[in-house]
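What TrEMBL says about this one:
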TRANSMEM  A:6-31  transmembrane segment
TRANSMEM  A:38-58  transmembrane segment
TRANSMEM  A:78-104  transmembrane segment
TRANSMEM  A:116-138  transmembrane segment
TRANSMEM  A:164-192  transmembrane segment
TRANSMEM  A:213-241  transmembrane segment
TRANSMEM  A:261-282  transmembrane segment
TRANSMEM  A:294-314  transmembrane segment
Amino acid sequence: MPDQLFFAMEVAVNGLMAGVLYALVALGFVLIYKASGIFNYAQGVIALFAAMTLVGIMEGQVPFAHMINSTFGTKIHHFGWTIPGFVAIALTVGLMVLLAWAVQRFIFRHLVNQEPIILFMATIGLAYLLEGMGALMWGDQIKTINLGLPSGASIWVEDTTESWFGYGFFLARLDILATVIAAALVMALMIFSQYSKHGRALRAVADDHQAALSVGISLNFIWILVWSIAGFVALVAGIVWGASSGVQFSLSLIALKALPVLMLGGFTSIPGAIVGGLIIGVGEKLFDFFMNPIIGGATENWFAYVLALIFLVFRPQGLFGEKIIERV
Amino acid sequence: MRERCPLLRRWLQNDGFGFEYFGNTEIGVLDMKDTYEPYVTDDGRQIGNVLMEMKNITLRFGGVVAIKDISFDIREGEIRAIIGPNGAGKSSMLNVISGFYHPQEGEVWFRGEKRKLMKPFEVANQGVARTFQNIALFEGMSVLDNVMTGRLTHMKTNIFQQALWWGKAEKEETENREAVEKIIDFLEIQAIRKTPVGRLPYGLKKRVELARALAAEPKLLLLDEPMAGMNVEEKEDMSRYILDVNDEFGTTVALIEHDMGVVMDLSDRVVVMDYGKKIGDGTPDEVRNNQAVIDAYLGVAHD
């Protein structure tokens, strides 16, 4: 086989891996949207905030150090310890649950039964609040995550494919790991929502609030649960993206990539988020690969959106979204 | 003549049991049902003490008084009906009982205790299950999953056990699944257990909703117009299920219904509401001979 074809395959596989990450971010959106009808614009910022918090805790940074120092004239920045990764992750998860509670308690509890656009505006506010809060707590310089995640190309994959096809595939070890983690997370979430008591309650709330109340489900609890899960998913996404490109503001912009993924897959479907993510991931890499020589670069920036627009015209509910037809 | 409900009036007259129910027969003597002692009905069902008592309930929406100073009780094991013309406040009353509305005045007593201000899910956890006038099922979920949600109040494992499928989680799921299968058998909906509810016809949806409420093994079952929009056959089925539920499980039932024939056949005692006020309360016989009730349903001659 010609090298060109192998090269295309390699690009596609890399696209799949990027797609898994898109799917991961999109998943956070879908979870919250299904359960509460809120389109959570802040999902990307939550990922950024989670990653910043993780790094801050690991490095023993003093939260609000700048504020404390300028108020009291002190000069503290670090506690002087470092915390092992898994402990820091556990602490961060705890903090995300706390954040979920606070978001529910102080924002959305007061906005029950409001128009979707008002809920959406609230999440925009939340996004900027969290962005500022993150910078205030941990500073706004670019940080690196030292979780000991593998980096560089996987020699094993390159050698194996070399011996099979006579063409060595280049796959980043971090991408492979991220794919495995994301796939495991998605599987766990699906099993949880399909077969557990709380999963069933979650789907019930997503379907009909009034009926859910009547069978004894606390909406408040489910919403906190959903925001917590979304926070956890955001943390995973933040770690993976942060490990490859540093924890910085642009991390919150990956959320925008999730938008076309959702249009493609359907806002209310977990499988839709996954398949949508994969299609966009592979699609943009392959499109770039084939079209680059013809129209020049930078197609990756707009390809996903154009694809989503085409979908909006022909299948507005997305691939897996619920078509809104009601039996009368 | 003031005609409150011309359609209802015509229907009552043409249907064969119009004046049969609202005739001017003598008012019956006080019977056992007006005492507070437990007793056994003619058909051998045990009626116990007061299970739920509404005391001087007043509910307002802004300037509109939906319920005005109403008191009544529901006794263990009985079938209690709330009837009245459209807009009388029946559904509001059911919503007060199930915690969806909070009355401005009055008290709700359940099992001998005054109920605090409770959210609907807390009321459900106390053992009050309900159905809705406009069916509130989880349309995207299968019949089985819908009925399983009815068991949520009986499932006690916490989120960590559930997430990791640890300890009692699996055993609990199996036990509750068995209970649900019994209900499904009982209501004869085995054939559709895997069908998404959204695809079912109206009559079956009503039955699934009853199944979900029953799955909770409620101490008090509230039915908001369980037979609305059904044909005669479906009404007969539903009536039979309600009677069977009451008979076999001893479940206390409070229901709202428009079909007078059904109400009079099913219930042990009837509360009649009109314009948010209680205008009658008693056995079906007493109620159908009550002049205020006859006036509310058939209108009063102004002469």
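Cβ coordinates are placed from backbone N, Cα and C, and glycine is handled just like the others.
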Close approaches to the transmembrane segment (A:294-314) from elsewhere in its chain (Cβ under 8 angstroms; 6 or more beyond its ends): 257, 259-261, 263-264, 279-280, 283-285, 287-288
Highest-contact recorded stretch vs the transmembrane segment (A:6-31), from A:38-58, A:78-104, A:116-138, A:164-192, A:213-241, CB pairs under 8 Å: A:164-192
Long-range Cβ neighbours of the transmembrane segment (A:78-104) (under 8 Å; 6 or more residues past either end): 46, 49-50, 53-54, 57-62, 126, 146-148, 220, 223-228, 230-232, 234-235, 239
Recorded stretch, among A:38-58, A:164-192, A:213-241, maximising Cβ pairs under 8 Å relative to the transmembrane segment (A:261-282): A:164-192
Residues of the parent chain within Cβ reach of the transmembrane segment (A:164-192), under 8 Å, 6 or more residues beyond its termini: 1, 3, 6-7, 9-10, 13-14, 16-18, 20-21, 23-24, 27, 31, 149-154, 157-158, 198-199, 229, 233, 236, 240, 243-244, 270, 274
